[in-house]
Each structure stands twice: as C-alpha cells, then as structure tokens.
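These notes are about the structure you will find just below.
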Amino acid sequence: MSSTTEQTSICTSNQHDCACGDTPLITATSPESTAAVGASSVVYRIENMDCPTEETLIRQKLTSVEGITQLKFNLLERKLTIEHRLADEKPIQRALQEIGMQAELVDTATQAQQHRSTSPTSSKSWWLIGLGVASAIAAEVIAWVSGNESSWAVIALSLFAILISGVGTYKKGWIALANLNLNINALMAIAVTGAVIIGQWPEAAMVMALFSLSEMIEALSLDRARNAIRGLMAMAPEQATVKQADGTWLTVGTDQVQIGEILRVAPGERVPLDGVLTEGASAIDQAPITGESIPVAKNIGDQVFAGTINQSGSFLYRVSSLKSDSMLARIIVRIEEAQASRAPTQRFVDQFAKIYTPVVFLLALAVMIVPPVFFGLLWSVWVYKALVLLVIACPCALVVSTPVTVVSGLAAAAKAGILIKGGVYLEDGRNLKVLALDKTGTITLGKPSVTDITPLQGDTNTHLGLAASLANRSDHPVSGAICRYWKTQFPTVSLTEVSQFEALMGRGVKARVDDQWFYLGNHRLVEELGICNTSLEATLRTFEGDGKTVVILCNETAPLLMVAVADTVRETSRQAIAELHAMGVRTVMLTGDNTLTAKAIAKLVGIDDARGDLLPEDKLAAIQQEITQYGHVGMVGDGINDAPALAKAHIGFAMGAAGTDTALETADVALMDDDLRKIPQFIQLSQRTSRILKQNISLALGIKVIFLILAVFGSASLWMAVFADMGASLLVIFNGLRLVKLTTTSKTTLV
Ligand SMILES: Nc1ncnc2c1ncn2[C@@H]1O[C@H](COP(=O)(O)OP(=O)(O)OP(=O)(O)O)[C@@H](O)[C@H]1O
Ligand SMILES: [Zn+2]
C-alpha cells in the first residue's frame, strides 16, 4: 500500500487552509516512483517540523524553488526527503531558512545507526515557559482580585508573559501569514493580538503561555511515539567480538564487520549480526524478531539473528549479512515504510480537517460581525467569542490522533513478531470474515514422513529406489519425505541418475530412467495417464480417510508402488483455529492435496471447511468465491503455489518470515515464526486499534464541538479553549500509545 501520488508530488492547492488541516503526519512516495525522478535526493532533519502545521508551509515554499521534483515528509521522524535536479542544495537551504526552518542535512548511509537526541526541548525553554505561565497566572489573579483588567501591573505582567512565551509563535505565525498560510501559529497570534486589542490582557497572556506549554508537551509525547520504533533498533548491540587472522579476538563496531567473518557470542549476550552457527550450540530467545521468548535450540548450521538473546551456551558463527541488511534492520525499514502509507481513517481525518479549519474560520468571522452589525450587540463580547473560535479552528489533536495510534499499533505488532506492511492492513484486520489456510507447512509442519508402502507390481525395493530417485530432484515436502525414508532405510545404496526431470504443478514429477518414463504423483496424475483402476482407488481412500497423503509411482502403462506419507499438525494450529472461531472468523482449508486427506486434517484441527485437489488457479477462484459470499477474506500460505490466491485476498499472511526474504517482501502481514496464533492476535490488535482510533476521533471532535457551542452560546474563555485543545492533543497521543502496552500484556495470556 503506497500513498497516492497527489500527496507526494508538490501540491500548490489549499494554500489558504490551516496547515494541520490538509497534511497527514507522514507522507511518502513508493520507492519505485522516487527512483525515476530527480537526479539526486537529499534528506533533511528539521528540528522544528514537529507539528503537522509546518508541512504545508514548507511544501508551499519549496514549490517556488525551480528544480525540486518531489517532497517526502516524515513528520514523526522530522525528516524531509527532497528529490531535485539542482546543481547544489543552496537554494533549498535558503528557502528553508527563509521560512524559519532549522534544517540539518542527514547522511542517508548512516541514518539508520544514528542515535539522536530527539528532545526538542532544552531546560532553558522549560524555564522560560514556566516563567511565562507564572506571570500569566499572576496577571489573571491581580485582575480578578482588583476587578481591573487593564491596570498597569496587569498589563506589564501580561506583556511580559506574551513576549517571553510567544516570540516563537509570533515569528512562525508571521511567516505563515506572509506566505498566505493560516496555520496554528498564525491563528494563535491573531487570537492573542485580538484579545490585547479588546483589552483582555490577562486572557491574552494565558493563551500564549498555555499554548507554548502545550506545544512543548505535544512535541515531547510525539517523541515517545518515535521511540516506540527506535526502541526496536536499539536491540542490536553496537559491538561484536570478531576472530582475527591470528586466532585472537577483537571487539569492533558492528558496522565494521564484514560478511564471512567469525563472531563469538557469550551466554547472556545479544547476537550482534545475522549469521549461521559454526561451532558450539545454544538456546536463543528470538523475541526481538519473532515475538516468542521461549528459547529456540540452535546447533551448527542454524540461522541466528541480530538482536536475539543468547540464553545458554557460548557459540561461534559466520556473519551472513551486513549490519544494515540484517533481518532486524529490514523489519525496521518495513515498519517505517508502513507508517508512510496512510491508513483509511487517517485519510478520512485529513479530508475532514481540510474542510474544518476554513469553516470554523468563516464561522468566527460571522460571529464577530453579524451580531454587532445586524443586532446591535456589543462588539467586545462578540469579538471575544470569535477569538475563542479561532483558537479551536485548528484540528491539531484530530490530525495527530490517527498516525500516533496507527504507529503504536504497528510497533506493538512488530514487538509480537507480526510485521504489518501498512496501516491499511492494521485497520482492515478486524473486518476479516474468512481465513483461508493452506495445508502443507501452514496447518501442518510441512515435514511429512512415510507411513505405508504398498506394492502394486514388481519388486518393492527397486520401485522404492526409483521413487526416491525421482523425489530426490524435487523439494516438495512429499518428495522430501520419500528421500529421507530411503536414506534411513538404505543408507549405503545410491540413487539412480534420472534425466529430463520435470515437475508437474499440483500433481507430481516425471523423469526418464533407462529410456523409460516414470511418474511420481497423486491420483490426478494417475488419472491423467489413464492407468487408474478401482482397486487402487479403494486403497487410496482408506489412506486418505486417515489424513495421509498418497503418491503413486507409475510407468507409462501401470501404477507400480504406492507411498503414503503423514504430516504432523502444528500444536498451535488447533488453538489458533479455536480462537479465530471465537472471534467469528470462518476458516477454510485450501490445498493441492486431495479432498479426503484435506477433510481429515481439517477435522483434526477444527477447520470449518476443507477443499482439496486445488491447482493454484483453483485456489484463486476459491478466494474469489469466499469474497463474494462472505466479504473480507484473509489467506495464509507459504507463497509457493498460492501466490495468486495470497495476492487476491484482502490480507495475505506469510508464516515463518524470519529467514525467508520472499515472505517478508510479498506478504501484507508477515508472521515472523510459524505460530498461527499470531493471526488471532493480529485481529485482536486490529480491533483494539480501531477502538482507540474511534475513541481518539470522538474525543478530539467532541471537545471541539463542545467548545464550538460554548464559544457561540455560552461563556467559553480563551484560555479554556487552549487548555481543552492541549488536553485533547495529549489525551489522543497517550491513548494511542496505550496500544503498545496493551499488546505486551495480552501476549502472555495468549501464549
Ligand atoms: N514434487 C512432488 N513430489 C511428490 N508429490 C507431489 C509433488 N508435487 C505435487 N505432488 C502431489 O500433488 C499434491 C498437490 O501438490 P501441491 O503442491 O499443489 O499441494 P500441497 O503442497 O500438497 O498442499 P498445499 O496446497 O496445502 O501446500 C501433493 O499433495 C502431492 O501428493
Ligand atoms: Zn482414479
């Protein structure tokens, strides 16, 4: 899910809207579209680009710079990527400076490893804000006690408060107004100035002081959202112990370790980089990757991942990828990309906010003018009401509410070993009505073993050898079972060389041995060869009824040998299916294996419906049918013979994504290990996300509506409006961040 182009190309419309209104917190292009445009690209870190208000301003300003082709905003990271065809970056820097943005060039190569101090606040500014708030309160108190709003003491204290806390706001507001942009700073500056003009000194001071306080608190809490993701990155150690040519060990930075080098990991240490174990053995807690903290035994030849925790033994391993390319690094890149794509709710909110600000602004104008002019009411009262409206015209809380929630949902999922490729899937998960599951490797372990051998003709061992020789060329699980069986039964007998080997999709394999064609495959294959018979079918049925998979070795004229294999059902499958049913999700098994076997296994794990004998295109059709009949359909599979079906489903899940690149790249949701229970967990997270999104939107909107009504008909004061606005922003941010916690605790109940 990549964002649409209209958000990513430079946009010149809507220049007069409030900046928070028409900008998402993060926008970005899909990687494909950025490659083609612009000769070069630069990344800036803009320290004061922390509220959605700044984006439109920057967008507008940079539009006027010739040679800039594309802008990518990541407000959560405060990063701006600019694609351009300029000779150098001076014009960009100048333009950013003109609108008061402190832009700092980021070296893209090292940015992943950077540990930045993200706090935009210094103790000095806290001190200033404290002083501002204190003098505003003092002014308010004196005015209240003396009953005089414009005594010289009140004016002096107020002016002091406005100046010391409001300089930044005035500056930003002025720049925005000069660029014909009505952002929150401009709105606040107008409101405060207006209040001063009508003689409401303490009010003006209070608004300014509270506003700068809320800006700072909001920036701080957004930092927490940022850290939810960056916390994942911190899991890989910075240093590694590397074997030197002379056999000694040296500790170096992980970014200097090359592929192929040997590292040593002591018990209790975290694995610094991805690699393959070469010496020793241990048990490793892979929670940072898979979300599952029960240690996994690792022996020579097993893969280990950066960031995972070595629990018991000391071991050596060979590095297989650079730091920037580790599984953990790739997961983080995926999450960052996922953040960049906008979830549906976010799009709705942005759309809404675009209308909201101008409407409230016009309403404020009407409130200011209509009652005094047409009904002869008091100017000062209605101007004041209009100013309150201005304060609540900026939908900052609303705009912030969605991305913060979605990002913490994505981070929470990643912590649980569920990699979601975009907010859209996180939001969509709760709508799933059907989950289609592939059988082999998904419900079962995908490592079957031979259970029965039934000779049909000729010498059993000769034919078994032939079957194993054909199977040896295939990596299908059924073939694998036959090979393994042969090797344990006849470890010294070598297999026959076959020629013209060919895999027959969904049926089996064929190859030539001694100028004769041999076939190894399922019932469908025997039918296609036209050599099936009723007694063979009867035997087939008894095996299949037991949930076994049968393949038959045939030559061109007759079936020769029958081999039955059985796969083990994953322990977690049954529980996962039960949890899905409890959530009201229908389950259906779609498999290339025969229907009888499929039904037997489905019964074993409690799956509602099972369909067998499906070729890849049949699986696709089955998904289409489920969609028509039930609505939202998810599919989980290995992606080998069910890629089209996975793509067709609303959400495609891949299992065991740690260690396989394709699953990580192609699935909409990648489960880092083989635990199907992650799917109900994902749905649960999606439900929670949606609940929190709804809470946040109603909270932000509700407070606005209350104040809108109070402002016009009642007696809402300016500082109450600012206070409510700040409260709403903070509430939605903290409510969003709650997701990370919720999931960590719920996991223990699921496992
Ligand atoms: N290379 C092969 N070696 C042996 N048997 C095979 C091979 N390819 C296919 N078959 C037979 O054809 C059947 C269907 O194969 P297919 O790959 O479509 O599905 P599957 O892997 O068994 O199941 P699922 O669709 O659940 O992954 C298998 O169950 C097996 O009996
Ligand atoms: Zn038949």
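Glycine residues also receive a Cβ, built from the backbone N, Cα and C atoms like all the rest.
Listed features, source TrEMBL:
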DOMAIN    40-104  domain 'HMA'
TRANSMEM  126-145  transmembrane segment
TRANSMEM  151-170  transmembrane segment
TRANSMEM  182-198  transmembrane segment
TRANSMEM  204-222  transmembrane segment
TRANSMEM  355-382  transmembrane segment
TRANSMEM  388-413  transmembrane segment
TRANSMEM  696-713  transmembrane segment
TRANSMEM  719-737  transmembrane segment
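For the domain 'HMA' (40-104), the model's pLDDT averages out at 78. Contact check: the transmembrane segment (126-145) against the transmembrane segment (204-222) gives at least three Cβ pairs closer than 8 Å, residues 6 or more apart, which meets the contact criterion.
Beyond its flanks by at least six residues, the transmembrane segment (182-198) meets 16-20, 51, 53-54, 56-57, 158, 162, 166, 169-170, 172-174, 176, 204, 207-208, 211, 357, 361, 380, 383-384, 386-388, 390-391, 393-394, 396, 718 of its own chain at Cβ-Cβ distances under 8 Å. Within the chain carrying the transmembrane segment (151-170), a Cβ under 8 angstroms from the stretch's Cβ atoms is held by residues 128-129, 131-133, 135-136, 138-139, 142-143, 185, 188-189, 192, 196, 201-202, 204-206, 208-209, 211-213, 215, all 6 or more beyond its ends. By number of Cβ pairs under 8 Å, the transmembrane segment (355-382) is matched best by 696-713 from the list 204-222, 696-713, 719-737.
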